[in-house]
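**Student:** Below you'll find the structure I mean.
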């Protein structure tokens with residue numbers, strides 16, 4: 001999630017509960033998801049993956065005899081009575097498994113992953129999940145510099161104010177599994193992003209000193225049916241970094257705003273939206289293709305986004321704004337011209353590529369913004385939504401049960417994950433009759 005307002009979006013799912021460090025007795029059952037690895041020569045081959053909810057979503061309770069209460073709240077270190085030190089946290093906080101992910105708004109069906117923001121009983125799980133490898137003990141590490149990532153999406157139930165996010169985070173492959181974090185990736189530990197949030201546990205360990213959790217973040221997709229946004233966020237540190245004080249702030253070690261790619265921000269208002277008048281019609285499912293284009297030395301130079309719908313390739317839009325280079329890709333010249341100062345200072349596109357080369361974890365979520373109504377994504381210069389239209393109270397009037405479905409996650413060589421369906425040429429009809 002690419003904005004500080006993500007914090008407000010998450011509080012509804014936390015309900016005062018955060019991840020414990022000692023697994024409990026309730027079984028964890030991960031939904032299975034079929035994904036694909038692609039080459040131009042061999043096509044796309046299926047692979048087995050699993051989905052795990054973020055550790056913050058798992059049920060938590062204090063160990064027996066420690067009284068009622070949780071093990072901490074978002075934005076703060078854990079309470080000292082149960083977490084005076086890391087070792088005590090590991091003993092005193094019990095994290096239970098989740099036997100039925102559907103109760104948290106997460107279901108899979110073959111190649112499809114469905115995330116529900118609101119359940120029929122009114123609960124708001126706002127799930128965030130990660131992609132596990134076939135062992136279920138490690139995250140699937142994506143190395144995408146010089147490659148492309150593609151998925152199909154149904155965004156029809158995402159009105160103004162909603163955000164379906166699919167992005168990459170430079171988390172540890174095991175979720176930083178350790179003596180005091182025995183669950184690791186199996187329980188969804190180790191989250192970080194470029195916002196450097198403070199959470200009671202970082203890498204599964206009690207965050208006694210209240211540090212922030214920072215790492216490189218590549219927002220492949222943050223969107224609803226009215227607006228879309230792509231943004232690389234770089235940090236000048238490798239992997240998960242524990243920040244303190246000013247390091248966690250805007251001028252710190254990570255680029256919080258990113259270099260954003262949104263058609264509305266460059267005066268292209270007919271490219272993406274609900275209806276046939278838009279090139280990408282979000283009233284129907286479509287395919288999202290993101291290419292991470294490298295030079296001959298293997299350094300990331302450009303990020304190229306385009307779509308496929310109804311069998312036709314919809315090429316990326318070109319910028320249409322004075323002072324902005326005429327381009328249809330994210331590249332350093334564009335980022336510098338749009339005021340992405342921190343992005344340029346902290347490593348720019350090459351720095352993002354270095355993280356993509358080291359390997360990043362795929363995260364997927366759905367959320368709303370109780371504080372800012374997601375207006376950074378879809379209002380004003382960013383999109384067509386009216387002021388206040390994205391308030392949660394209005395979202396449920398437009399769509400009582402917001403959800404998103406991601407299907408056919410696939411990645412591989414440039415040009416290997418998508419195809420344009422060529423319509424057959426009409427056969428010549430019979431010649432004129434000569435009666």
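The backbone N, Cα and C atoms fix where each Cβ goes, glycine too.
Below are the features listed in Swiss-Prot for this protein:
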{"type": "MOD_RES", "residues": "21", "note": "pyrrolidone carboxylic acid"}
{"type": "DISULFID", "residues": "38-44", "note": "disulfide bond"}
{"type": "DISULFID", "residues": "71-93", "note": "disulfide bond"}
{"type": "DISULFID", "residues": "83-89", "note": "disulfide bond"}
{"type": "DISULFID", "residues": "160-385", "note": "disulfide bond"}
{"type": "DISULFID", "residues": "192-215", "note": "disulfide bond"}
{"type": "DISULFID", "residues": "196-214", "note": "disulfide bond"}
{"type": "ACT_SITE", "residues": "217", "note": "active site, nucleophile"}
{"type": "ACT_SITE", "residues": "222", "note": "active site, proton donor"}
{"type": "DISULFID", "residues": "235-254", "note": "disulfide bond"}
{"type": "DISULFID", "residues": "243-248", "note": "disulfide bond"}
{"type": "DISULFID", "residues": "259-335", "note": "disulfide bond"}
**Student:** Work out how many Å separate residue 196 (disulfide bond) and residue 215 (disulfide bond) at their Cα atoms, rounded off.
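**Tutor:** Just about 7 Å between their Cα atoms.
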**Student:** Measure from the CA atom of residue 214 (disulfide bond) to the CA atom of residue 254 (disulfide bond) and give the result in Å, rounded to a whole number.
**Tutor:** 7
**Student:** Where does residue 235 (disulfide bond) sit by DSSP, helix, strand or coil?
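**Tutor:** Its secondary structure by DSSP: strand.
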**Student:** What three-state secondary structure does DSSP assign to residue 248 (disulfide bond)?
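**Tutor:** Its secondary structure by DSSP: helix.
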**Student:** I'm trying to understand the geometry here, so how far is the Cα atom of residue 235 (disulfide bond) from the Cα atom of residue 243 (disulfide bond), in Å to the nearest whole number?
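**Tutor:** Per the Cα atoms, residue 235 (disulfide bond) and residue 243 (disulfide bond) stand 11 Å apart.
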**Student:** How big is the gap, in Å, between the Cα of residue 71 (disulfide bond) and that of residue 89 (disulfide bond), rounded to a whole number?
**Tutor:** 8
**Student:** Give the sequence-ordered list of residues that share a chain with residue 83 (disulfide bond), lie 6 or more positions from it, and have CB atoms under 8 Å from its CB.
**Tutor:** 71, 72, 77, 89, 92, 93, 200, 206, 208
**Student:** How big is the Cα-to-Cα gap, in Å, between residue 214 (disulfide bond) and residue 243 (disulfide bond)?
**Tutor:** 7
**Student:** Quick one: pull the CA-CA distance for residue 259 (disulfide bond) versus residue 38 (disulfide bond), whole Å only.
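**Tutor:** Distance (Cα to Cα, whole Å): 28 Å.
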**Student:** Distance between the residue listed as 'active site, proton donor' and residue 38 (disulfide bond) at the Cα atoms, whole Å?
**Tutor:** 24
**Student:** What subset of the disulfide-bonded residues 44, 160, 192, 243, 248, 385 lies within 10 angstroms of the residue listed as 'active site, nucleophile' at the C-alpha level?
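**Tutor:** Taking 44, 160, 192, 243, 248, 385 one by one, the ones whose Cα falls within 10 Å of the residue listed as 'active site, nucleophile' are 192.
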**Student:** Taking only same-chain residues 6+ apart in sequence, whose CB is under 8 Å from that of residue 335 (disulfide bond), what do you get?
**Tutor:** 259, 343, 344, 348, 349
**Student:** If I take the alpha carbons of residue 38 (disulfide bond) and residue 215 (disulfide bond), what is the distance between them in whole Å?
**Tutor:** 28
